[in-house]
Amino acid sequence: MTARPPIFQFDNSYARDLPGFYVAWEGAKVPTPQLVVFNRELAKELGLDSNLLETSEGAEIFAGVRQPDGASPLAQVYAGHQFGGFSPQLGDGRALLLGEIIDSTGNRKDIQLKGSGPTPFSRGGDGKAVVGPVLREYILGEAMHALGIPTTRALAAVTTGETIYRDGPKPGAVLTRVAASHLRVGTFQYFAARGETEKVRQLADYAIARHDPDLAGQPDRYIRLFRGVVERQAALVANWVLVGFVHGVMNTDNTTISGETIDYGPCAFIDAYDPAAVFSSIDHGGRYAFGRQPVIMQWNLARLAETLLPLIQPDDLDKAVELASAELGRFPDIYRAAWLNGMRAKLGLVEETAEDQDLFETMLSILQEQSVDYTLFFRHLSEAAVGAPQKLRELFVDPTQIDGWLERWMQRLESEGRAPADTRTAMNLVNPLYIPRNHKVEEALQSAETGEYFLLNELLDILKAPYEERTGFESYALPAPEAFGPYQTFCGT
Ligand SMILES: Nc1ncnc2c1ncn2[C@@H]1O[C@H](COP(=O)(O)OP(=O)(O)OP(=O)(O)O)[C@@H](O)[C@H]1O
């Protein structure tokens, strides 16, 4: 009999290159691991054999109770600014890096369990997660990916058979998350705050090898690493804003070096356009409101810059500050350029003109004034491009307010000379019809809490193809009915 090849071909660079940046750890025992959702498409991209993972053995691996061959799981340490205040010691308090694998396109990926039990970084927490938030992260992360926005992915969700007490008894669950890495601004902050410059250097070199390999060995590699993170994060936040996403907890421990969205705790998509939109129950001051995300990201990147100063110009702090400030100062322009580009595409425009910003802002102020659904506006606007503005006008309490703007926009389209039907097609390729609507997410989660997964699977299926209209699924495109009321989300549950 030939031995079965291991399910995961681990190649663990973090453990190898960064001793002292983690503790080796194992998942807690749980009674009855059961696979709830498994992402076959992602498994394929990762070069994993679904037949081996959609089994009771797979469920045990994903629950953290069975170590796959070759695994040496670990909990990473990090720090972070949370709502502006510095916590010098956070770390994976309920997560385990199972290991890294090289995917089918040659990229290194972390496989991490979230909710697999307490670790030395749990700070009094139980180290667990419950089924609602685990599936929320699964749904939102996969929706983000389908929207073409860099994000951690979800490979699997299992229930554990445990009852976990949150705001009542809840089924325990574990998420298997896949990421380009779990390096966070907070990882740098942990070592910088302790004055461990050599460890910051080790970490920066590791980050370069993993995310900016072209910079390896270059004398100016640290400032260029910072530049890369600024560029990735500016593009990411522009993407969030263009699609109407509110991250909700943009702490520096939730700001990645890779430029991927991470931690779908209290996030949500807006329905009515509103820069002040906040969903998180704990964000009383609106620090992480929809419209503040670019400013907050720049603030988070300033915290990263601080950790890198001794590397950027070791013998001249003033010079290092000058160089880092120049890079950080480019953030607003990079962000604005990405946002303007994205908005042009959403409006079916190709040419860049001096009036773009004004055209877009005028539109947004009308949407805000009339609480118009952000997602449906762009989708129905594509119909207006072919001379059918009726559905669009129905989104407005007073449609006459948008008429003047529509005329202006139509003139722009005409001046560009593209056939209207082509404009509509182009617009529908970048403006989603289906986003994870808050009421649909809640419906799916509530039924999953009772062990019923039909709505979850239907929602996941719809969100896989967000631009493709499907008959019979009209309700997935609609904003929440009035009775749903104001929406609130919760952190770290
Ligand atoms: N139930 C828990 N038990 C132990 N630690 C926890 C628990 N919930 C959150 N933490 C820890 O608190 C810190 C901040 O929590 P946050 O909700 O931002 O992270 P998370 O959602 O657990 O993880 P991630 O940022 O990796 O997605 C993290 O260090 C996290 O590990």
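Glycine too: its Cβ is placed from the backbone N, Cα and C atoms.
Annotated features in TrEMBL:
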BINDING   G91, G93, R94, K114, D126, G127, R177, R184, D263  ATP binding site
ACT_SITE  D253  active site, proton acceptor
BINDING   N254, D263  Mg(2+) binding site
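Of the listed binding-site residues R94, R177, the Cβ environment within 10 Å is emptiest of other Cβ atoms at R94. Listed in sequence order, A75, Q76, V77, Y78, T119, P120, F121, Y190 are the same-chain residues at least 6 apart in sequence whose CB falls under 8 Å from the CB of G91 (ATP binding site). Comparing the recorded positions D126, D253, D263 on other C-beta atoms within 10 angstroms of each C-beta gives the minimum for D126. Counting every protein chain shown, 21 other Cβ atoms lie within 10 Å of the Cβ of N254 (Mg(2+) binding site). Nearest neighbour of the residue listed as 'active site, proton acceptor' by Cα distance, taken over the binding-site residues R94, D126, R177, D263: D263. Put simply, D263 is the one of the binding-site residues R94, D126, R177, D263 whose Cα lies nearest to the Cα of N254 (Mg(2+) binding site). Mapped onto three states, the DSSP output places D253 (active site, proton acceptor) in helix.
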